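S.K.: According to TrEMBL, the protein has these features:
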- 3-148: domain 'Glycosyltransferase family 28 N-terminal' (DOMAIN)
- 10, 11, 12, 175, 216, 323: UDP-N-acetyl-alpha-D-glucosamine binding site (BINDING)
- 210-378: domain 'Glycosyl transferase family 28 C-terminal' (DOMAIN)
Ligand SMILES: CC(=O)N[C@H]1[C@@H](OP(=O)(O)OP(=O)(O)OC[C@H]2O[C@@H](n3ccc(=O)[nH]c3=O)[C@H](O)[C@@H]2O)O[C@H](CO)[C@@H](O)[C@@H]1O
């Protein structure tokens, strides 16, 4: 079967689709097809998805796209022109590749691709990772045959589950490497220590590993609160801080001018490690960590349960993104703690110290997470795609 894939803009739209792509390329006894499917990914010409998709070895075609919801009317007109060009390029790609089915995960680039598939009668499956869809996915879902969702509560936006509505609950597709790494935390920690050249991490000294990050782009407020409070955390934990590419120059400035503080011993100083971004190492970081601080992007709904990783979630306070609803879903199950962005400076360190000092609470959160885990989600979506591709529109 030929499967057209599209998703882009940020990592949160790319990694779930890559997990499904990996599944489609390596069918085994558990999968539907007897031989690997042929894949083509349509992303934007200059999008960050290009690097991630090519890194994974999936064929990539770039098209023109632009954000339509912008304040400047001139930009809106220019971007609308790009979208029209993108539709023409998508139609050409569909005519050339002749897909049996199309799979999209979000980002502006998906709009012309879904429209082209609709015009050429190619069935479309959308995956919505978040609990609440943005306006673009709501609109595109009208053109799609199926919408896969992470948890049952997300199905209502699409008329409920099949056969009444369009939704199927598959779970969040996580990378196979994470499923594998989460089976043995200790081994994951050893691997991470090797990949990051951080030998102290491999010591079995009972010191918890705290993973701090802010989504695929990094989060300024989380970074600043971390730099302000990290010295207080180091007597109780090792801290792996993914700063993000955008704020990396800020980290370098802070490290040059303010780190380490004179009162901190070299042993404690070496417990803090900052990195701009993690690629293949990310699966091991999630599996090895004992506690995380993160934004509440959709990945936390899938990756944290599989990794059984308790967290303090700090939803991005921007209208239209709706990360709070993602965080609430984990909090509702006793699987995470939520902190408002505006309270980071005062409350982040005390909240973390309380959780680090309470292994029983972390264990209860890990057990709640384990009940939400769907390590087979990529396979479930691959199966849905197979069924749609065989049925046609
Ligand atoms: C600002 C914004 O619009 N954010 C949205 C975006 O977030 P964002 O792109 O941050 O998405 P997520 O938090 O859902 O996913 C981030 C992904 O990047 C990976 N990762 C991250 C850092 C790193 O160093 N290495 C790495 O591999 C994570 O493991 C995860 O798989 O898409 C999500 C999915 O629709 C939404 O829920 C978010 O609201």
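For all residues, glycine too, the Cβ spot is worked out from N, Cα and C.
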S.K.: Tell me which binding-site residues (10, 11, 175, 323) have a Cβ under 6 A from ligand 1; sequence order is fine.
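M.R.: Result: 10, 11, 323.
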S.K.: In the domain 'Glycosyltransferase family 28 N-terminal' (3-148), how many residues does DSSP call helix, how many strand, and how many coil?
M.R.: 66 helix, 27 strand, 53 coil
S.K.: Please name the residue among the binding-site residues 10, 216, 323 whose C-beta has the most neighbouring C-beta atoms within 10 angstroms.
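M.R.: The most densely surrounded of these binding-site residues is 323.
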S.K.: Quick one: largest C-alpha distance among 10, 11, 12, 175, 216, 323, binding UDP-N-acetyl-alpha-D-glucosamine per the record, in angstrom?
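M.R.: Between the most distant Cα atoms of the UDP-N-acetyl-alpha-D-glucosamine site, 22 Å.
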